[in-house]
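For 6-27, 119-139, 159-179, the entry in TrEMBL reads transmembrane segment. According to TrEMBL, the domain 'Palmitoyltransferase DHHC' annotation covers 74-194. Sequence annotations record features per position, and here TrEMBL assigns region 'Disordered' to 257-284. Feature annotation from TrEMBL assigns compositional bias 'Acidic residues' to 258-269.
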Amino acid sequence: VAYLIIFHILFVLFVWTYWKSIFTLPVQPGKKYHMSYADKERYENEERPEVQRQILAEMARKLPVYTRTGNGGIRFCDRCQLIKPDRCHHCSVCAICVLKMDHHCPWVNNCIGFSNYKFFLLFLAYSLLYCLYIAATVFKYFIKYWTGELTNGRSKFHVLFLLFVAIMFFVSLMFLFGYHCWLVSRNRSTLEAFSAPVFQNGPDKNGFNLGFVKNLQQVFGEEKKLWLLPVASSQGDGHFFPMRALSEAQNPLLANEEQWEDDGIDEEPHDSGEASSLAIERET
């Protein structure tokens, strides 16, 4: 009875988290990040790259956007026609910009981002426990098979198959889950682990690292009783994320008008030789 109860609890949680990971749609940036009709028309009709950069900088000045492209420009998606919020990326598979995008997962055929990252982590955790439970309960029958006590040929095949599959998936999931636990502890996404986010003071992989406890709360929320349940409890709305404390001169949150002017808001247009300095991120 105890085995059956544990089995069904793990099975329900496994299916529940998998369901939530699949059918929780990725959250897209809000309307204020999209170009207005007037800005879009002005941007598309403008051929000078430096003026296009000024248009984007003017739009971003009203938004809580603190990350930049590698060249220091405003992160802009020419496909979705919007200013990208911090940690937002365009998914070529889903063909949309996803808030706090981590990766596109073929296992759940969905984009893993702000809306379902917690569910994905719980899915990995409960899958890991599920495989461990199956391997542990089948192992004693494997010992019987090894010692010759199990004579039924069909049972031998079932035991060997279950044990092999459970161990194989357990090992694979253990590395994947461990990697994502490390990412959560550092408050990074998979994309940020490979390419550090760029702030006004330069690239910084630890730009969003607030400390272990606060990093966990970013994903799982402050209510610990909800941490192990596949219900939405992540902090924020996915458009803005707190950044670690830096000196006042380097803190992107304290960016003043002079820093925005450096991005090209109040600069006079220069000659076309600066076209190569246009830093608009176009992702495929």
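Glycine is no exception: its Cβ is also placed from the backbone N, Cα and C atoms.
What TrEMBL says about a protein is an automatic prediction, not a curated fact.
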> When you scan the chain for residues with a C-beta under 8 Å from the transmembrane segment (119-139), skipping those not six or more beyond its ends, what do you find?
Replying inline: 3, 6-7, 10-11, 13-14, 17-18, 20-21, 24, 102, 105, 108, 112, 159, 162-163, 166-167, 169-170, 173-174, 176-177, 180-181, 184, 219, 228-230
> Mind checking how the domain 'Palmitoyltransferase DHHC' (74-194) divides into helix, strand and coil residues in DSSP?
Replying inline: 70 helix, 17 strand, 34 coil
> Given the model, what does the mean pLDDT over the domain 'Palmitoyltransferase DHHC' (74-194) come out as?
Replying inline: 91
